[in-house]
Structures are given as structure tokens and as C-alpha cells.
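Participant: Take a look at this one; I'll ask things after.
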Amino acid sequence: MSGFGGRGVDEKGFLRWLLGELGVEEDDVAYVDGLVVKVDGAAASTSRLPFQTWADFGWRNVAAAYSDVRVKFAEARLLLASVTAPDLGTAAEVVQGVREASQFFSLAYVGGDLNEGRDVVVDVVLVGWARARVGRAPRPGDVLVTIPQFGYTSLAYRFWQMGGAVVERGVEALKRPKPLWPLPPAECVTAAMDSSDGLGDVLWSMARGVDIVVKELPAPREVLEFAAERGLDVGEIVFNGGEEFLPVFAVRRDCPVESPYVSFAEVVPGEGRVWWRGEELKWRGWAYFRGWG
């Protein structure tokens, strides 16, 4: 670890440093000889929600990896999973969720590993075919499009015990995420990311060498009304959610934006900043070893 200045660095800063050391492009997937490879994982002590079963937790980790592959226009085919658990009963429940997710997403579950430990940890590897190489650096003049369903998970984190239709939509999305959204025309897309650590994280990650100006909040009316009725900051709700597993695509301005997608931001020349309502966006999403920013 020589040369790594770890003080004050979070998960994303560490990974950026590591990829630089390895000479690998910073992205959410790896491209190797026409293949796409993705690894993703989580520990229950930091990532399992109180309303998730162990099977839900297994499913969630498959969905997280699948979302990163799908947003890159790649076709995931094979799945391997490593599970750590304190007992075989818990491990079996997690594996059941992994199996159910593999069937739902049409993945061949071909193997994995099992370990004993105090925490429950799930690591998923997906391998598939890469149709094209899609990075996450948009160009000036592009517009950002997404499916306007942000905010539900934010409300679920805060109000899951309260219930209600709006909150329940977020709870269900967090228990068994299903990132099977349609893809826009590939020839129109210049960059892509999915929102797992919050929309703010996506925007700051894409704003490298360019500025991003948010024009509209990509959230449904019922989410905005729910937040307003309770005096919540709608920016916090929309930008600092997480685990939406919704796609954000940078597309050429001359391409049509068709349902279920909406245009919500513009890419302009700049120095890597994100703007909302004339001010620099203060929300940066989630990162391990830092928390919400």
C-alpha cells in the first residue's frame, strides 16, 4: 500500500487510487476480450435493512450487480456467489434469495463459495457479453435522462414503520429490486451509470472535466408532495437516496427522449461540478468509510 494516503479517504477515493495503480479505467464493470465482468458485495452489518429477510438480502446483491451490467448495454449470463454467515441456516436463506434472483434475471448460477463468520457477507460475480464499451464520462452538449422514480427509497429509509402507499413502494423496491428497465438506443448513449449510492453520487461521478446542470428533479409528484407535507428537503430526498438501481444515461442532444425516460440535466463545459438551482449541489451520495455526503 506504499504511496496511498489513507487519511480522510472514503471507499470511492480508495478505489480510484487502486485503479490508477493498476492502470485500469475507472468504471463500474471490467471489460475483458469482449466480456463484461462485475463483482459486487455487501455486509449485513452495514447494508441489510430492518425489513429485509436474509433471502431479500441475497436477492438485493444479485440485483445490484445486474443493474451495473445492464446499464452498460451488456448481457449478463453467468453468476457466482460467495456467502459468509454465522450458521448454515442463515447461509441457506441467503443462497435461496440468490437462486430466486438468478432465475428472475435469467442468469446461470454456476457456483460460488461458502464461509463461516460473525457477519453475513454476500459477494456476487457476473460474467456476460459486452455489446459495446460504455464509460461514464459525458460530453458537453449531452443531456442526462433517467426514469423519474427517485425518492421512494429515501422515504422508505425514514418512514418504513409508518407504512402508506408511497412508503410501501419504496420498501418493496428495496426488498426485491428489479432493474429490468428498457434501454434507450445504444447509438445515442455516450455514458451511463446506475444509481446505487444515490443520484448525487452519480452526478458527481459523471462530472469529470465537465459541469452538470440539473434542470428538474426526476421524482414522481407523490414523492415530492409527501416530502413537502412533512417539511423535508426535497433535494435530500431525491439526491441522497440510494439503492434505487435506476439508470442515468448521457445521450446526444439530437436523440429523442422517449417514455419511460425524461431529460433532467444538461452537460456543459466546466471543471467537474454539479449545479442545482444556481448553486453547487451539496449532496454526494453514499460511500463506505464516510457515510452520506
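Glycine is treated like the rest: Cβ placed from N, Cα and C.
Swiss-Prot feature annotations, pasted as is:
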BINDING   Glu25, Asp68, Asp194  Mg(2+) 3 binding site
BINDING   Glu25, Asp68  Mg(2+) 4 binding site
BINDING   Val39, Asp40, Asp113  Mg(2+) 1 binding site
BINDING   Asp40, Asp68  Mg(2+) 2 binding site
BINDING   Gly112, Asp113, Arg136, Ser196  ATP binding site
BINDING   Asp197  Mg(2+) 5 binding site
BINDING   Glu243, Trp286  substrate binding site
Participant: Roughly how many angstrom lie between the C-alpha atoms of Asp113 (Mg(2+) 1 binding site) and Ser196 (ATP binding site)?
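Facilitator: Cα of Asp113 (Mg(2+) 1 binding site) to Cα of Ser196 (ATP binding site) measures 25 Å after rounding.
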Participant: Reduce the DSSP letter at Asp194 (Mg(2+) 3 binding site) to three states and note it down.
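Facilitator: Strand, per DSSP.
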Participant: If the Mg(2+) 1 site is taken as the center of the Cβ atoms of Val39, Asp40, Asp113, which further residues of that chain fall within 8 Å of it by their Cβ?
Facilitator: Gly41, Ala65, Leu80, Ala81, Ser82, Val122, Asp123, Val124, Val125
Participant: In angstrom units, rounded to an integer, how far apart are the Cα atoms of Asp40 (Mg(2+) 1 binding site) and Asp68 (Mg(2+) 3 binding site)?
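Facilitator: Here the two Cα atoms are 9 Å apart.
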Participant: List nothing but the largest Cα to Cα distance in Å, as a whole number, among the residues Gly112, Asp113, Arg136, Ser196 that the record says bind ATP.
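Facilitator: Maximum Cα-Cα distance: 32 Å.
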